[in-house]
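As given in Swiss-Prot:
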type: ACT_SITE; residues: 65; note: active site, proton acceptor
type: ACT_SITE; residues: 133; note: active site, for ring-opening step
type: ACT_SITE; residues: 135; note: active site, proton acceptor
type: ACT_SITE; residues: 140; note: active site, for ring-opening step
């Protein structure tokens, strides 16, 4: 696990985009995440596209998750969010951006189909954010560390955190989502996690330096052979070995 500490969210985004760019240039499949932390990464990837450094015409992408019951064109769906924040600003083909079928009357069947599609295609590099309780995707605390794509009831903290996207009304937030499982996520060849802000500091500390536990789903990344975590100074503020991580980056061969 490589830990990279940058000054602020903009620098985090630049670093993450630089890590993802070689995979995109090679035409590899990428995994995309929603939330506030990846936004600066998407802005930098858009800049690289506009400058002619990248093209996404042949890239396949898989979304981490989707709310159960929200159509793709709903303003709060994650497919729509990713489109508005990223894919519509580059030359992505909409049909190449995959998400769970959130309107399937049998979400469990839809989750199984999505899992198989990811298995068949594979993901070269997965971009992740992290929740304040250590969740990745919608894998809430106590999620199976090797579980497949699933239907997940949302933790009250997650519902509270996401209410800001639903007119600050908790009652409007869906109670369930389909999410890639922790086993699905960690099948990606490479993983990059981004986190910014003091609110994420405890989760980053637990993921990097805490024990492997289902109570902190992100700690499963300790088992992956190729993980890079890019954080700003605020999100790194509770890391006990921050100076060591800075030194290791500086002397890396």
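One-based numbering along the chain as shown.
Cβ atoms are placed via backbone N, Cα and C, with glycine included.
Between the alpha carbons (Cα) of residue 135 (active site, proton acceptor) and residue 65 (active site, proton acceptor) lies a span of roughly 12 Å. According to DSSP, residue 140 (active site, for ring-opening step) is assigned to coil rather than to any helix or strand.
A simple way to gauge crowding: the CB of residue 65 (active site, proton acceptor) has 22 other CB atoms within 10 angstroms, across all the protein chains here.
Its Cβ taken as reference, residue 135 (active site, proton acceptor) is surrounded by 25 other Cβ atoms within 10 Å in the chains shown. Take the CB of residue 133 (active site, for ring-opening step) and look out to 10 A: across all protein chains shown you find 18 other CB atoms. Within the same chain, residues at least 6 positions away in sequence whose Cβ sits under 8 Å from that of residue 140 (active site, for ring-opening step) are 133, 152, 153, 154, 155, 158, 217.
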